[in-house]
Amino acid sequence: MGKEEKTHINLVVIGHVDSGKSTTTGHLIYKCGGIDNRTIEKFEKEAEELGKKSFKYAWVLDKLKAERERGITIDIALWKFETPKYHVTVIDAPGHRDFIKNMITGTSQADCAILIIAAGTGEFEAGISKDGQTREHALLAFTLGVKQLIVAINKMDSTNWSEPRFNEIVKEVSNFIKKVGYNPKAVPFVPISGFEGDNMIQPSTNAPWYKGWNKETASGKHSGKTLLDAIDAIDPPTRPTEKPLRLPLQDVYKISGIGTVPVGRVETGVIKPGMVVTFAPSNVTTEVKSVEMHHQQLTQGNPGDNVGFNVKNVSVKEVRRGNVAGDSKNDPPKGCDSFNAQVIVLNHPGQVGAGYAPVLDCHTAHIACKFSELLEKIDRRTGKSVENNPKFIKSGDAAIVKMVPSKPMCVEAFTDYPPLGRFAVRDMRQTVAVGVIKSVEKSEKTGGKVTKAAQKAAKK
C-alpha cells in the first residue's frame, strides 16, 4: 500500500464472559499492534512474578482494562492493530461496566462485531442459552446498526480441533444469528485458539480438515483462513460525508482572545470555515470562523473528526453540551416536541408503563424523557406488532413508545442520522433499555437568534 493512508475501521468484540474475549483481543493487539515490546516485557515479568504463566495475552488486556477502569487514560494506541488493508481500533469489549451505554452513545459506531464463541463442552451451550449475554450483545449490535459480523469459534484446542464439534457449533450459531437478524452467508466462521494463538494470524496446522471460511456480501465473495484474514475482508465502511451536517457538542469553551469554541465530533456531513450553522434546540444561528483539530487549522472537518470551531457573537450561555450544530441552509437541526422509538427493555426489575420518566443518553445529550404512550408491543425479531396499547412492558419486551423530553432536545430518526437516532435509557445507575428512533415531531420554532456574523455571511 506504500505510504497511502489505510482506512480506519472500528471493531467491537462481543460474547459470553468466559469465551476468551480478552485473550483473543489481546493476542491480535500483541501480534499486530500498538503494544511496544518494552511494555510487553514489563507485563511478562510482572506476570511471571505473580505466577501467571497463562499471562500471554489476557494479562495485557487486564492491565489495560484495570487502568481504564481506574480512570487512567491509557494510550489509546494500545487498542489498535493493523491488517494489510485497515487500521483497526477495538472500541470496546463488553464486561466493561458501561459497554452497552458506550455502544449506543458511543464515541464511534462499530463497523463490525466479532462474536467470540467458546467451543468447550458445556461452555458453548452456556454462552448461547436463552438468558445468555451472547444473545443480548448480538441483538444490540444488530439493532444499533452494526451491519457486519465475524464469528470466531475459540478454544478449539480444548476440543482437539474436532471437525464434528466445529460443524455442530457453526450450525447452531448460524440459526442463532439468523434469529437476531444477520445473514449467516455473509458471516465468516473462523476456528481459533486465542490462547495458543492458533489460526489467528497464521493458518493453523492442527486442522487439516479446515479448508477456510467463505462469505458473500454486496461487495462479492470472499474467502480466507485466519481471523486476521476475516477482519481484513470487512467491507469498507462508507462515511456519511454527503449528508447534511450534524455535530453534537461535547463541550463549549470560552477562550480569551478567541471567543466561544464549541467542541464535538462530526457525525455526518462536513463543517468548514465560512459556513453558517444553526444550533438546536437553542435555535441560535451564526458563522463558523475557523475549524481546528489537534491544534491544526482545517479547511474542513469530516465525519469522525473531533473538532473545535470558533463562532462569533455567541456566548457560552447560549449553546451547551447536548446541542447539535448543523448547516443552516441544508436541513438544519431542530428541537423536538416528541418522538416515537422502538425501545427494548434489557434489565428493569419491575414493569414499565406510561408515565415512566428515566434519563436518556442520546449522542451527547443527557435528558429525562417521559414514556408518554406505549403504542404497541412488537416481536423483537420481526418488528411485527403483537399487541396494541399494552399497559406495561417488562424485561425482554420490545415496544414502540411515544417519548416526550422534559426539556428541549435535538434527536433524529435512526434511518436519517444513525448516531442521533439511538439512545440508552438509564435508571438505577444502569442501562435499563435501549432505543432506536423511528420518527420525530420537530418543534417549528421561529424567531431564533441570528447573529450579525450570520447576516453578513448570508450577504456574501
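Including glycine, each Cβ sits where the backbone N, Cα and C put it.
Of the given residue ranges 34-37, 46-49, 154-157, 298-301, Swiss-Prot assigns the label region 'G4' to 154-157. Checking Swiss-Prot for region 'G2' across the ranges 71-75, 96-100, 416-420 points to 71-75.
For the ranges 15-22, 215-222, 327-334, the feature annotated in Swiss-Prot as region 'G1' maps to 15-22.
According to DSSP, LYS80 (N6,N6,N6-trimethyllysine) sits within a strand segment. Around LYS31 (N6-methyllysine), the same-chain residues six or more apart in sequence whose CB sits under 8 Å from its CB are PHE81, GLY197, MET200, ILE201, listed in sequence order. Mean model confidence for the domain 'tr-type G' (6-241) is a pLDDT of 78. Here the candidates are the modified residues LYS80, LYS317, LYS391. The one whose C-alpha lies nearest to that of GLY15 (GTP binding site) is LYS80. The recorded positions considered are LYS21, LYS391; of these, LYS391 has the fewest other C-beta atoms within 10 angstroms of its C-beta.
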